[in-house]
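Copied from Swiss-Prot, the annotated features are:
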type: DOMAIN; residues: 1-129; note: domain 'CMP/dCMP-type deaminase'
type: BINDING; residues: Ser28, Arg82, Tyr126; note: substrate binding site
type: BINDING; residues: Cys54, Cys88, Cys91; note: Zn(2+) binding site
type: ACT_SITE; residues: Glu56; note: active site, proton donor
Amino acid sequence: MPLSQEESTLIERATATINSIPISEDYSVASAALSSDGRIFTGVNVYHFTGGPCAELVVLGTAAAAAAGNLTCIVAIGNENRGILSPCGRCRQVLLDLHPGIKAVVKDSDGQPTAVGIRELLPSGYMNRA
């Protein structure tokens, strides 16, 4: 299914974000998310040998700090023209827990961008809440 204009805009914003910073091992992925009120939030990962947040988690914090409410779609873009990256397992779980209705833009089996529900990416996620 083709992406909506909003979903395509997320790709553009995340791509612009990662391309605006110098190439670095410490900041190698950007993410953009759309809130239900139409705002777009961006962020980049922070790599550190002790662990660090993925770009998606940085965006979740940025959106929460801005009282964004529900996020409806998210995408991650790798630096050095790596393009769309699928959320890692930890990000999938956090997205499911905090925004169970969110879609993530990923590549389909033909390498084309598509937006899928987080439950499709993590159908049997751990349920920490009753």
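Glycine is treated like the rest: Cβ placed from N, Cα and C.
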Cys88 (Zn(2+) binding site) CB neighbourhood, other CB atoms within 10 A: 14
Among Ser28, Arg82 [binding-site residues], residue with fewest other Cβ within 10 Å: Arg82
Cα-nearest neighbour of Cys91 (Zn(2+) binding site) within the listed recorded positions, Ser28, Glu56, Arg82, Tyr126: Glu56
Spatially closest candidate among Ser28, Arg82, Tyr126, the listed binding-site residues, to Cys54 (Zn(2+) binding site) (Cα to Cα): Ser28
Inter-residue C-alpha distance, Cys88 (Zn(2+) binding site) and Glu56 (active site, proton donor) (nearest angstrom): 9
Glu56 (active site, proton donor) versus Tyr126 (substrate binding site) - Cα distance in angstrom: 19
Which listed residue (Cys54, Glu56, Cys91, Tyr126) has most other Cβ within 10 Å, given these are recorded positions: Glu56
Mean predicted confidence [pLDDT] for the domain 'CMP/dCMP-type deaminase' (1-129): 95
